[in-house]
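K.L.:
Pasting a structure here, questions to come.
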Number of protein chains: 2
Amino acid sequence: MSEKGICSVKGVKAYGFKDGKNGIAVISTPGRCVGTFTKNKVQAAPVVYSQNLLNEDPGIDNIIVNSGCANAFTGERGLKDARWMSKQMEGRNLVCSTGKIGSYLNRDWIQTAVEKAVRNIDTENGGIEAAKAIMTTDTEVKSIKIERDNYTVAGIAKGAGMIEPDMATMLAFIFTDIEIPQKEMENNFTKAVDNTFNMVVVDGDTSTNDTALLISTGKAEAEYTKNKKQVWKDIENVCKELAKKIAEDGEGSTKLIELSITNAKTEQEARKAAKTVLNSPLVKTAIYGEDPNFGRIVAALGRSKTNFHPEQIEIKINGKTVVKQGTINIDKEITEELKEKTIKIQINLNNGNAEIKGWGCDLTPEYIKINAEY
Amino acid sequence: MSEKGICSVKGVKAYGFKDGKNGIAVISTPGRCVGTFTKNKVQAAPVVYSQNLLNEDPGIDNIIVNSGCANAFTGERGLKDARWMSKQMEGRNLVCSTGKIGSYLNRDWIQTAVEKAVRNIDTENGGIEAAKAIMTTDTEVKSIKIERDNYTVAGIAKGAGMIEPDMATMLAFIFTDIEIPQKEMENNFTKAVDNTFNMVVVDGDTSTNDTALLISTGKAEAEYTKNKKQVWKDIENVCKELAKKIAEDGEGSTKLIELSITNAKTEQEARKAAKTVLNSPLVKTAIYGEDPNFGRIVAALGRSKTNFHPEQIEIKINGKTVVKQGTINIDKEITEELKEKTIKIQINLNNGNAEIKGWGCDLTPEYIKINAEY
């Protein structure tokens, strides 16, 4: 991980710190922004506020993020608090919160914290400090950077480990200094998020606060039209690497599951199949237990309402065939594979041309401990 | 629990026993039958066989059930085995299997076991022995009986604790001696199952083998038309009590969750809301930890795609209001309630007239232990 993190992107400065259970991060990033926000019916106040701000105009100056209090299910007062928080720095500022639902922002603490963070915003490793400040039950800092000759794409995220431990909030902030036309950002970012962050399953609970933002500062010299294809590949890769880190760092997890569905009838069906398998407690506990119960994968596929013929599907675990022609194969070699830290499940539905990748983790006693006690 | 169990129903005899991980139950019940079967795309061979048999003609003689091997994902050979198993007693016989997916029936064992069970079918407590024989990770025998002056309704079930521990198979067999017209059985049993067994959530995994059967032997003197309303109330109550027992005995569970959704826009939405809350790992771990994180219930409702206004919902825990007018109330009295063995969650969506009840359990480290190690 680069020491400069997102601050490698020209025009981006950041700093953050934690103070017990609370954290603050400020990211100065004058530029244009697109965002994708939680589809949960209960949207947290900062989500409502930030979405409205971007609907008015994509130009922004700063992102202010607090951890420890989600400012969700807080009604009118919550909306006022979100607006107030956005005014703690000059300019048009997005706000994000993550933490406990149903309690109000502590304005005093946030005011002092933002001031302190702003004073330190020229710190060299400020990007990494910001990434640390938004961590909650995350055990690893999530920061990814791709530097090209003439532009940079970098991002930070906090994981779907529940916050506080109230919520599985995912926050992701992606920055690039290449100038991308707004229309292109709107058209392509949702797709990148759909193929990456939206294919991460930790526990199937989605948050009131989930937010992914892409900001283009336009400070790089590179010309967009010449680099277009590479730029979006880089953006999707930054999202994908952050998504994998989120899955790998799922609460209490000991293993990363990399799932691919191939030859599905439609992409929608491929997604449904992938999410059902990644979400199955039986599959997740089997992976945790290094237990070759591949029937559980078949049963999860069966209830996913995906079209396939049971006799025609093929399943491989870490490259080794375990299901083919309607029979399940378990040998010693495969049992050994289950001891690996990363488990690759490849499911070939042999029923079309659509495909998708997804990421998840095992379900462990530690997950329950984290979420039952606090 | 009555010692005679389902054998209190006139015309029903039963016996069963376990032999290590394998079990057999035979139920002699000449009568007419309707069934509801798993909607999993991968249907086990006995499900395919029994469904076909009932499609031809509802008249049956016996039900033969084995535990230990699900005879699922076993292709042509599995279908042959199911047909063969149904021939181990004379007459038109249904077969049910529960256990590990992807392995074949042990014909030798089953043949000998059925013979032994048939020899003992006049044993007085044979109904209870049959209920015991189909248990797997179940910790309690599930047998319910309602005796009226002139007819009886009784049922046994095995739970959604995964089998072997491969599957969350639920089997339920309901018997009555009152003669119910076939059309009435077809019209009403699905509804009873939808309101009871289909509202139980243990871990959201549905099985290749799930089966619920209702058999009318017609041996009671009571006349159907005069008792119609009471009979269906009794049948639904037997189903409901068995469903509750299944939820209460979910693998590794320490608490029963009784959930009611009221004033939803549509029944379908009420169902969706109930299932999403009962299925939420965050809600389930909070209940296990006796942790008043009621924001988790709100967040689960929010992602259930149910229509409601966050400010208008009311949530009660064991009769005490915890969410009202957009705020969350946590006091000491409520924290005390969470120590109860049964947690009643009442959610009033204030958005219509539809309602539904559902049952679930907490998520505990023991669940993971059961499912990761075997």
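Cβ coordinates come from backbone N, Cα and C, glycine included.
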K.L.:
Which of these, B:GLU251, B:GLU258, B:GLU290, does TrEMBL list as part of the substrate site with B:THR136, B:LYS158, B:THR169, B:ASN371?
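P.N.:
Substrate site check in TrEMBL: besides B:THR136, B:LYS158, B:THR169, B:ASN371, the record includes B:GLU251 out of B:GLU251, B:GLU258, B:GLU290.
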K.L.:
If proximity means a C-beta under 8 angstroms from chain A, which of B:LYS158, B:GLU251, B:ASN371 count? These are the binding-site residues.
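P.N.:
Contact set vs A: B:ASN371.
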K.L.:
So, three-state DSSP: helix, strand or coil for B:THR136 (substrate binding site)?
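P.N.:
The three-state answer is coil.
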K.L.:
If I take the alpha carbons of B:ASN371 (substrate binding site) and B:THR169 (active site, nucleophile), what is the distance between them in whole Å?
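P.N.:
The Cα atom of B:ASN371 (substrate binding site) is 14 Å away from the Cα atom of B:THR169 (active site, nucleophile).
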K.L.:
Tell me, if you would, which residue among B:THR136, B:THR169, B:ASN371 (recorded positions) has the fewest other CB atoms within 10 Å in the structure shown?
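P.N.:
Each of the recorded positions B:THR136, B:THR169, B:ASN371 was scored; lowest Cβ tally within 10 Å is B:THR136.
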K.L.:
Fewest other Cβ atoms within 10 Å: which of the binding-site residues B:LYS158, B:GLU251 wins that one? Let me know.
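P.N.:
Sparsest of the binding-site residues B:LYS158, B:GLU251 by Cβ contacts within 10 Å: B:GLU251.
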K.L.:
Using C-alpha atoms only, work out the spacing between B:THR136 (substrate binding site) and B:THR169 (active site, nucleophile) and round it to an integer in Å.
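P.N.:
Here the two Cα atoms are 10 Å apart.
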K.L.:
When DSSP states are folded down to helix, strand and coil, where does B:GLU251 (substrate binding site) land?
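P.N.:
Assignment for B:GLU251 (substrate binding site) reads coil.
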